[in-house]
Amino acid sequence: MKIVVSVENAAAINEVAEYNPTFIEIRLDRMEGDLQDQVRAIREKTDIPLIATLRSRDEGGRFVGDADLWARIVGPIARYVDIVDVEARYRDHAPFIKSQGVQILASLHTNEMPTVPELGRIDEMLRSYGDIPKIVVRPKTREDLFELVLFTHQAQKPICTSIMGAEFRYARAILPLFGSEFTFSHAGAPTAEGQYHIREMRQLADLLK
């Protein structure tokens, strides 16, 4: 199971690195000050692969700018990371970001539960500009969650699927068993509702092997 730990400041890196996650996600939208300097400092502190994310408010983050501002912020930072999360709304800038030598995690977060055909269309759209699609939805029922698990199992790989909210938080540990590329956790302050601490996620991963 590939575990990603989300952080929102450079000071947390030493503590996070002790848990040896597969990736560290830098939540740019939750950081203050000079972002480029902070990301550079994180890069100098660790060899763990980095994901840069500037999450929009509409998809659960704090960034409220337009696509051009998003690109002006993320563009100079891309050189210091390995993967950049690019929401569908910013996809026109994906070729420029990819030209920096990084992979694109093409993402869409919704508070709805799409049907399986809709999930397939979202997957296809995200693959049109990214290397790894990331689809995060909000199941309303167990049947919804079953459909998400089935979709994940049958989808082209790689793919990352997850859920929004705390009601079905256990899906964060289950979906990787059915083919989801990553699961996201925290090491102190959750960056999304329902996230497990990496200690808990490792325990779950070990128990579910």
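Glycine too: its Cβ is placed from the backbone N, Cα and C atoms.
The feature active site, proton donor/acceptor is assigned by Swiss-Prot to HIS109, with sequence analysis given as support. Counted within 10 Å of its Cβ, the other Cβ atoms near HIS109 (active site, proton donor/acceptor) come to 20, all protein chains included.
The local packing around LYS134 (active site, schiff-base intermediate with substrate), expressed as other Cβ atoms within 10 Å of its Cβ over all shown chains, amounts to 24. According to DSSP, LYS134 (active site, schiff-base intermediate with substrate) is assigned to a strand segment. Residues or ranges marked as active site, schiff-base intermediate with substrate by Swiss-Prot: LYS134.
According to Swiss-Prot, the 3-dehydroquinate binding site annotation covers SER6, GLU25, ILE26, ARG27, ARG55, ARG172, THR191, GLN195, on the basis of sequence analysis. Other Cβ atoms within 10 Å of the Cβ of ARG55 (3-dehydroquinate binding site), summed over all protein chains shown, number 22.
Proximity note: of the listed recorded positions (GLU25, ARG55, HIS109, GLN195), HIS109 have a CA within 10 Å of the CA of LYS134 (active site, schiff-base intermediate with substrate), given in sequence order.
Here the binding residues for 3-dehydroquinate are SER6, GLU25, ILE26, ARG27, ARG55, ARG172, THR191, GLN195. Their largest Cα to Cα distance works out to 19 Å.
The Cβ neighbour count for SER6 (3-dehydroquinate binding site), using a 10 Å radius and every protein chain shown, is 27.
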